[in-house]
């Protein structure tokens, strides 16, 4: 009411002036002396500072216009408002194949990478084996602008054209008894007693090892085979490939005159768990150079003796498969190189020494070991790393393979199927800081392995328990 009264008084005063008839309105500078816009009552200096989102929208419910005053930006306001109204619709990561999610009110929008479409980027336009293995469970093959999935031996391609269905109870690579949340590793801190026993060694030892692994329970490492002689018992490991073939390291073959193979064993003190098999033939890669007569592993390391460190043992009688005895799957070379060896971890197992120069384990040990990139691998080794080798293991943690584990499996799991990716070969000490385990790269020998295995196919009897 006061402003209106003031205005009337001003107009009356102006009307009384001599020139009022011709000058009803004042110039702006004069008028502004009398007429001023009233400030908002909630803050004297609010117009001169940026908004406060906590005061405006958290402590009290705000409108979109009030939020806009705070952010002073349409895009930021829209992003905030979509979450503020009904939560973040992108929190569940609904966009497939690395699509980008943008939240909306009651919905979301996926921005797909090139080659994908659909509300959730779920449809692949241009399929590539280089992208998520073409969504194939096992093997992927490019065919023009499409891909073709196939499966390991003993599996059938699913109706969706991508999945692989086991054709029998004992198809390769099936870990029937899962670990039930158990990890194939120990805590980061090793018991002080064991730590003091880890002795340094300046000489590489090719007869490798499992240090600080966990006990492998019955059925958890069903592809494990062990090589035994009549004098020392277990001296090397191996991997079951089929009812009549076991993969191992070539340097293991030179350690004794008579070799037998045991499968299904997890505890050497319980003879009932293992099955002893006689050897018919042994195939050693022709490029492998055996150590000189009288050569001792721990005295001198001869690199040429451990390039092409691969051999295949043929059984006289077939291996009978069960829940505790199952072969590992043989990958294709491309699948191993492009998919399996780009996973974070592989799995090794064996009865080797529990620490360097220590006693051998009475129980089968298993350990997850990370893949190591080739440059780091080569820099860490005093001896050359050839194309038939790769590194795996820990830089500082005392976890590794050790003497007695040589020839054993390096397994990589993909979509719950376990594939053979390496053979325990050699290393510079056991769990030595800055050193890694060296493994034979199986992908380099896929054709050689298949050629050997075709020489004698399993009979109907040898295929018992496997389709």
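Quick reminder: no glycine exception, Cβ is built from N, Cα and C everywhere.
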Looking at N-linked glycosylation site as annotated by Swiss-Prot, pick the matching residue from 169, 254.
254
What whole-number Å value do you get for the CA-CA distance of residue 221 (disulfide bond) and residue 251 (active site, charge relay system)?
23
Between the C-alpha atoms of residue 254 (N-linked glycosylation site) and residue 236 (disulfide bond), the distance in angstrom, to the nearest integer, is 11
Quick one: which of these recorded positions, 90, 136, 140, 236, 406, have their CA within 10 A of residue 151 (disulfide bond)?
136, 140
According to DSSP, which kind of secondary structure is residue 164 (disulfide bond) found in, if we only use helix, strand and coil?
strand
Can you check what DSSP calls residue 65 (4-carboxyglutamate), collapsed to helix, strand or coil?
helix
Let me spell it out: for each of the disulfide-bonded residues (62, 90, 151, 164), count the other Cβ atoms within 10 Å of that residue's Cβ, using every protein chain shown. Which one has the most?
164
